[in-house]
Amino acid sequence: MRHLRQRRARIQNAKKSFSDFYKNNNCSCPSISRGCLWKFGQPGELIRILFEHVNIEYSEDCRYDGVFINGDAYCGDLDGTTTPESWQREMALTGPIEISFLSDGSVGTNDDNLRSGFRIRLDKVVADPCSNSPCQNDNRATCVCPQTYKGEFCEIEKSFCEQFPNYCENGDCNDGGFCECFPGFTGTACEINIDDCVGNGCVNGRCVDLVQGYECRCDTGFSGELCEVNIDDCEFHQCEFGECTDAINNYTCACFSGYEGRFCEINKDDCNEVICANGAVCEDLIDGFECICMQGFQGTFCEENIDDCIDVNCNSGQCVDGIGTFTCDCEVGFSGELCEINIDNCEGINCNDGTCQDNGTSFVCLCNAGFLGDFCEINEDDCADVNCNNGICLDGLNLFSCRCDEGFTGTFCEINEDDCQSVNCNNGVCLDGVNSYSCECDPGFTGDHCEIDEDNCIGVNCNNGNCNDQVNSFRCECETGYNGEFCEIYTDPCAGVDCNNGTCEQTSSGFTCICFSGFAGDLCTVDIDDCVGANCNNGFCIDGVNSFSCECQSGFAGYYCDVNNDDCVGVTCRERGSLLDGIADFQCSCYAGFSGQFCEDDIDECRGIDCNDGTCIDLVNGFECECPTGFIGEFCETNQDDCLGVLCENGGICEDLVGSFTCSCSPGFTGTLCEEDINDCTIDSCENSGICVNLNGPGYLCECTENFTGDNCSEQVNFCRSRAQECLNGAECFPVLGGITCACPPAFSGEFCENTNYCYDEPCGDNGFCSNVPNGEAGFICNCSPGYVGRNCEIRITTRSTTSSTTTQASF
């Protein structure tokens, strides 16, 4: 922004001076892009304007840079030596004069000796109101009163409200010279429309102040009283093969796979980048393609030659693969498409006593048994190598037979027939001969078949006994007291007999021993066992002569060893077992967990036990594994699931460790249990004073100020997209921070170019200053220079007057 140096000059009788518009040598501007605006002067004053210096960038109609005086635009550059008449003005004021300055800082001429900006000289021209004297010369003249007087002789000074009937722009003027404003307006001249937009926020739009009210003009894509509703653009648009996502005054189509185009209406041609081999044709599919292969090919791109031999059996040949076909290369002797025909080489062949067999390339005669020769025409001599021993050989068809001599048998007549096979020689042996037999009798027998026993007692005298015929012998059975071969010798039966433990007595049959008590046996040699039937229970029986005694085992006593001695007397099992009396012994039956003769040893149950990384503790009849942290089980073999009872929040997953756990958190969360939401907001997350709102989980959201948008509030809101229509009368909209500025075409002015500059064509000519009718009404007013009257100051009158001027000079 440029600064204005003020020379302390004042316009005579002006209601406002330059000092009212410049504070601390700075111009007071509503916006850098709008420029500076000053108002001064009173209705009825005649102001002469002279440009002394201008160096401002030139643009057509001074649209973007220039000095504007009541709507007239000036731009370009002057050298200060001459001032074109078109840059000089005399203006009769009907209201305060407005001078505004708009510039982006560029100059018209890059000359170090020529300062940028402008300098205007303002002169106030004051007319003599006839010195308040009556008109002379017999009333032949008429007093034309200045703006501040009235009456026939201009002797009455007008009140403020009479001098400035339109001073109160939106109110009534009272006699005290004050404006009583209509509702909705304020300011000295009721020129300020109270901004009802203050405190009323249009969420997605621009607030337009009205008289006693406001209106939200929504940005494109929004609706609602406060423009709070984002219009769903997907409701009026269709994504044919995709999903519509609403945006601000826009939408996007996320196409399904295989489609493209703004509306997903185009099936993407997947064949564009595909080459199908071997003459195949590519057929486009939905999100894919297919190569239509020529016969004999396969594969995604028809790049593979199909092996047509895979399922073909060429029998007696070899398959040769072709393109979409095959051929069988047959072996010699075979034909047919699959070499299935065996050419018959036996046709016309006579194998006599045999069978013709085709062997592929020729034939062979398979002769019946007993025949030979290429055609089986020869009967083979089967006797050629045969010895029939005791007979003659007879030749047959593939066989022979031996005709045996009488008395012989067998395949080769080698066996003498056994004539004894059906003969019984009783008490002799059959001797086989050639077609005959004979019996060879045992001693004592005779007859053809040895069937007669010879009597050997004939002629034998047994004296004192009887002869008993034997086989080929005899035996004399003697009477008592006699013996010898023929019973011829008498003997005493007790002579030489020792009855040991008894006495011998003769009997009719010989002798007998009468045994003493306690003995038995033929010769009384047997000591009768008195232990038979005796029960020594837990001992051993000792036989005596006609008596017995019991010798007790250790631990027993009594005549019959039936008393068990108490071996537990004086013995203790140390209270670790129960005492059991045994046979000549005792036993401590140890309780579980103890061992030893007296249960004195505590059994170490930890021996051989593997507690993994734990410690084995020996117990009574058992053990216990003391596990390290994180392990359980009888042998500490199980890693304890430390995730039991643990809830990892916000979608976290619990991972079991040894003796502990860890939560694997979803993106955007942290903490032992993923209970903390990571604050993704940093100092640089949201630009341009945007407020960062951390989301629950990963990410953040920027709440932008009304002048910025975008994910990070980095984009300045282009208010022209929604408010371009506010620039009226063909004006061009330019976005600025927080709003818009309208570049008005010639003949229009105002914030939105809503005011028509009816003075644009200078209807008052060179004889007056043109002013637009105030309050926005259509039309203009010509403030004529002295000596001119008429609507367009086109009438020249002749009066006498003296003039004086007051010059105010300001530099910009």
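Our numbering is plain: 1 for the first residue shown, then up by one each step along the chain.
Cβ coordinates are placed from backbone N, Cα and C, and glycine is handled just like the others.
All TrEMBL annotations are machine predictions without curation.
Residues or ranges marked as disulfide bond by TrEMBL: Cys145-Cys154 (among others). The Cβ neighbour count for Cys145 (disulfide bond), using a 10 Å radius over every protein chain in view, is 18.
Classification of Cys197 (disulfide bond) by DSSP places it in coil, neither helical nor stranded. Annotated disulfide bond per TrEMBL: Cys197-Cys207 (among others), in sequence order.
Feature annotation from TrEMBL assigns disulfide bond to Cys218-Cys227 (among others). Secondary structure at Cys227 (disulfide bond), as computed by DSSP, is coil.
The annotation disulfide bond is assigned in TrEMBL to Cys293-Cys302 (among others). In the three-state DSSP scheme, Cys293 (disulfide bond) falls into the coil class.
Cys376 (disulfide bond) falls within neither a helix nor a strand when secondary structure is assigned with DSSP, and so counts as coil. Under a cutoff of 8 A between CB atoms, and with a sequence separation of 6+ in the same chain, the neighbours of Cys376 (disulfide bond) are Cys351, Asn352, Asp353, Gly354, Cys365, Cys367, Asn368. Taken from TrEMBL, the feature disulfide bond applies to Cys367-Cys376 (among others).
Residues near Cys383 (disulfide bond) in space but far in sequence (CB under 8 A, at least 6 apart, same chain), listed by position: Cys393, Leu394, Asp395, Phe400. Reduced to three states, the DSSP call for Cys383 (disulfide bond) is coil. Annotation comment: TrEMBL describes Cys383-Cys393 (among others) as disulfide bond.
Cys450 (disulfide bond) carries neither a helix nor a strand DSSP state and counts as coil. What TrEMBL records for Cys441-Cys450 (among others) is disulfide bond.
Under the heading disulfide bond, TrEMBL lists Cys457-Cys467 (among others). In the shown protein chains, 19 other C-beta atoms lie within 10 A of the C-beta of Cys467 (disulfide bond).
Annotation source TrEMBL lists disulfide bond at Cys606-Cys616 (among others). In the structure as shown, the Cβ atom of Cys606 (disulfide bond) sits within 10 Å of 17 other Cβ atoms. DSSP classifies Cys606 (disulfide bond) as coil under the three-state reduction.
According to DSSP, Cys636 (disulfide bond) sits in a coil region rather than a helix or strand. Summarising the annotation, TrEMBL assigns disulfide bond to Cys627-Cys636 (among others).
What TrEMBL records for Cys704-Cys713 (among others) is disulfide bond. Under 8 Å, Cβ to Cβ, and six or more positions away along its own chain, Cys713 (disulfide bond) finds Cys686, Glu687, Asn688, Ser689, Gly690, Cys702, Cys704, Thr705. In the three-state DSSP scheme, Cys713 (disulfide bond) is classed as coil.
Under 8 Å, Cβ to Cβ, and six or more positions away along its own chain, Cys793 (disulfide bond) finds Cys764, Gly765, Asn767, Gly768, Cys782, Cys784, Ser785. Under the heading disulfide bond, TrEMBL lists Cys784-Cys793 (among others).
Residues or ranges marked as domain 'EGF-like' in TrEMBL: 157-191 (among others).
Annotation source TrEMBL lists domain 'EGF-like' at 193-228 (among others). Listed as Cβ neighbours of the domain 'EGF-like' (193-228) (distance under 8 Å, sequence separation of 6 or more from its ends, same chain) are residues 170, 182-186, 247-250, 706, 719, 721-723, 726, 739.
Tertiary proximity for the domain 'EGF-like' (267-303) is limited to same-chain residues at least six positions away from its ends with a CB under 8 Å from its CB atoms, namely 241, 256-260, 322-325. Annotated domain 'EGF-like' per TrEMBL: 267-303 (among others), in sequence order.
The domain 'EGF-like' annotation in TrEMBL covers 305-340 (among others). When Cβ-Cβ distances below 8 Å are used as the criterion, the domain 'EGF-like' (305-340) is approached by residues 278, 294-298, 358, 360-361 of the same chain, each at least six residues removed from its ends.
The local packing around Cys636 (disulfide bond), expressed as other Cβ atoms within 10 Å of its Cβ over all shown chains, amounts to 21. For the domain 'EGF-like' (755-794), residue counts in helix, strand and coil come to 0 helix, 14 strand, 26 coil, using DSSP. If you check the disulfide-bonded residues Cys145, Cys227, Cys302, Cys441, Cys457, Cys627 against Cys616 (disulfide bond), the ones with a Cα inside 10 Å of its Cα are Cys627. Take the disulfide-bonded residues Cys227, Cys457, Cys616, Cys704, Cys784: by the count of other Cβ atoms within 10 Å of each Cβ, the lowest one is Cys457. The separation of Cys154 (disulfide bond) from Cys293 (disulfide bond), Cα to Cα, is 112 Å. Take the CB of Cys441 (disulfide bond) and look out to 10 A: across all protein chains shown you find 19 other CB atoms. Sequence-distant neighbours of Cys302 (disulfide bond) (same chain, 6+ residues apart, CB-CB distance under 8 A): Cys276, Ala277, Asn278, Gly279, Ala280, Cys291, Cys293, Met294. In the three-state DSSP classification, Cys457 (disulfide bond) falls within coil. For the disulfide-bonded residues shown (Cys293, Cys393), fewest C-beta neighbours within 10 angstroms: Cys393.
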